[in-house]
């Protein structure tokens, strides 16, 4: 495997003001990274998909970033980068290249759909996004919490209906298979 570079799994999501990168490597040792206006380099020894090894990647951003306001958070299983965009906008992709490397994936848990013409939700801005400076989620407003609870109740109700229909279908199919077996 000489000359073969191992890259960690990198999940990315965006808001109008920043990019969130989550580099998934466990048991981190000697993390080394440089963030520049147009690109980023990363190297770490840790445990990734290929076991304990040195993982690295180079990333050329689609648009310039503000290096002074970028933040990094280390945890047991990953390194999280909050990379602030130089201009508030929705990027069409993370990299300047049209080609997406296999180690780079969309982080659907943190993704937010916004078009360029849309305004961010109330209370959301460069410092007030869903992810705070410390990397923790902000508490939800009472209205938003009620809305989520209502949607959750609707989903549970729909799931119960589907479960009931599936059970009825299974029972009818079981009777049919027993009948055919006996026949």
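Cβ coordinates are placed from backbone N, Cα and C, and glycine is handled just like the others.
Record note: among 84-114, 115-145, 115-145 is the stretch given as region 'Disordered' by TrEMBL. Predicted-model confidence for the domain 'CS' (5-95) is 90, expressed as mean pLDDT.
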